[in-house]
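Novice: Quick one: the structure is below, questions incoming.
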Amino acid sequence: MEIALSSNANPLLPILSRTAIPSNYANRNLKSFPDFHNPNFIPKFSAKKPLFICNSRQPFSLRIRAQASSDSNVNVDEDQFSDFIIEDVPHLTNFLPDLPSYPNPLKKSQAYAIVKKTFVSPEDMVAQKIVVQKESHRGVHFRRAGPREKVYFTSEEVRACIVTCGGLCPGINTVLREIVCGLNYMYGVDDILGIQGGYRGFYSKNTIKLTPKVVNDIHKRGGTFLQTSRGGHDTNKIVDNIQDRGINQVYIIGGDGTQKGAAAIYKEVEKRGLRVAVAGIPKTIDNDIAVIDKSFGFDTAVEEAQRAINAAHVEVESVENGVGIVKLMGRYSGFIAMHATLASRDVDCCLIPESPFYLEGQGGLFEFVEQRLKENGHIVIVLAEGAGQDYVAQSMHAVDEKDASGNRLLLDSGLWLTQKIKDHFTNVQKMAINMKYIDPTYMIRAIPSNASDNIYCTLLAQSAVHGAMAGYTGFTVGPVNSRHAYIPISCVTETQNTVKLTDRMWARLLASTNQPSFVQKCELVQERVNKQTIDEINNMRITSI
């Protein structure tokens, strides 16, 4: 049996078989599916029919047909195609069905001449879950990234632009460079603009002409060659500018808020019926982007964090009762702190936002610090910037404030913890300590990417270029189980990736540092809160009776 895709609009697009859908869904838009936005949602359709589900945000006019090969006597289990879900990305032909296609110029490329399979097959998918059980569902899949046999732009008509938004991160310049070089070297595109100053640069800043010569050595620098800013997103103004300048490919490098802005730009482009491909490249140093394996710049950040940890260790080891605190990035996710701790081996305790901790009492942080000082004469603590924020806010009576990107402004948990430990050992324990506090945040953000991230950034940039040239739009790129894929922007912005305290990686850290998990006390506190809430509800019921 084989799955054949067919469409009057675009043979590369996947489809949703209406014959496999319950009749009450037959004439509905795909968005009406329950939990449609949830990438883990698995529809309960009949397993007796081969099913190739397109879980896209766009209604497609395509159909599926399953046919048995006439020259094959092999019995194929039709159930193997059930529960196969594709989180697909939009294509320009969804709203421009008559768009012409052209042969990919990579057919004549010397670079790809020796490649056994130059183009990615339209049937190639990347599974979101790589570890499955024998009887488990096949689950969610994404369209594999890479060059397609047909493209929807000629090199002469492409006018591309690139913009960088949000905070700094190692590797931004490498991505920028490789988009420019990829467009020029692989597809012969000469007209590439750099939008300066983030989203507001579309309507309030000048642009710069980008060529391979201009961006030749920018990967050796930190920061962003185009400058950046937070906020400033005005969808109508941005799309007006795109339309006025004749731009037809937009490459947007940025984090969660930036990608949401990219999705809004795509929606407005679709609404106006413009032939503009919008491609996102996800950026966050915290590695908290959902779906993808990791974000670019993360390896560099972990490597650079080692310098700060090593400095703290040298300092505290050289004095009596030395206590070193290193504050690392990690607003909501503690990946940098966790990986830096595992890589360092000089860290005694790692505190992250996902794991609540407490200071006083049995099993608390103060007790652990005292124990390590008695055993080793020193201690190094790694603290993610988002750890203990509620604790700090209660102590400082702070009010929630937000930055231009809509992120909550964090209190300085590093200085707070430093002072708490000082006060405890000076006033309670009557014990002299030597405190060393290091905050390398901006030093880490500002450095160029290392070799590993440079390679990764190249793959991201080239995947984005291939996708835009192939007519895909409203997508972001990233590795899923080590294979680069095109992912709907909503999949990476709906939730944030966080450290799971029930996974083996956190257990490995606890085993490495031998620090307290703080779980028992926190669970007891939660139980008391729950019991108090239940008692209050019961009292209300009694009163009402």
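The backbone N, Cα and C atoms fix where each Cβ goes, and this holds for glycine too.
A TrEMBL annotation is a machine prediction, not a hand-curated record.
OK, TrEMBL features for this one:
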ACT_SITE  D286  active site, proton acceptor
BINDING   G167, R230, G231, G255, D256, G257, T258  ATP binding site
BINDING   D256  Mg(2+) binding site
BINDING   T284, I285, D286, M329, G330, R331, E385, Y442, M443, I444, R445  substrate binding site
DOMAIN    160-466  domain 'Phosphofructokinase'
SITE      G257  site 'Important for substrate specificity'
Novice: Among the recorded positions listed here (G255, G257, T258, D286), which has the Cα closest to the Cα of R445 (substrate binding site)?
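Specialist: Of all the candidates listed, D286 is nearest in space.
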Novice: Compute the average pLDDT of the predicted model within the domain 'Phosphofructokinase' (160-466).
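Specialist: Mean pLDDT, the domain 'Phosphofructokinase' (160-466): 93.
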Novice: Excluding near sequence neighbours, so keeping only residues 6 or more apart in the same chain, what lies with its CB under 8 A of T284 (substrate binding site)?
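Specialist: Within the chain, T284 (substrate binding site) has Cβ neighbours under 8 Å at C169, G255, D256, S295.
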Novice: What is the separation, in Å, between the Cα atoms of E385 (substrate binding site) and D286 (active site, proton acceptor)?
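Specialist: Here the two Cα atoms are 11 Å apart.
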Novice: For D256 (ATP binding site), list the number of other Cβ atoms lying within 10 Å of its Cβ atom.
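Specialist: 24, counting other Cβ atoms within 10 Å of D256 (ATP binding site).
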Novice: Reported as an integer number of Å, what is the Cα distance between G231 (ATP binding site) and M443 (substrate binding site)?
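Specialist: Cα-Cα, rounded: 23 Å.
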Novice: Would you kindly give the Cα-Cα distance separating the residue listed as 'active site, proton acceptor' and G167 (ATP binding site), rounded to the nearest Å?
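Specialist: Spelling it out, the Cα of G167 (ATP binding site) and the Cα of the residue listed as 'active site, proton acceptor' are 11 Å apart.
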Novice: Validating a neighbour-count step here. Other CB atoms within 10 A of the CB of G257 (ATP binding site): how many?
Specialist: 20
Novice: For G330 (substrate binding site) and the residue listed as 'active site, proton acceptor', what Cα-Cα distance in Å is obtained after rounding to a whole number?
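Specialist: Answer for this pair: 5 Å between alpha carbons.
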Novice: Looking only at Cβ atoms, how many others are within 10 Å of the one on G330 (substrate binding site)?
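Specialist: A 10 Å sphere around the Cβ of G330 (substrate binding site) contains 30 other Cβ atoms.
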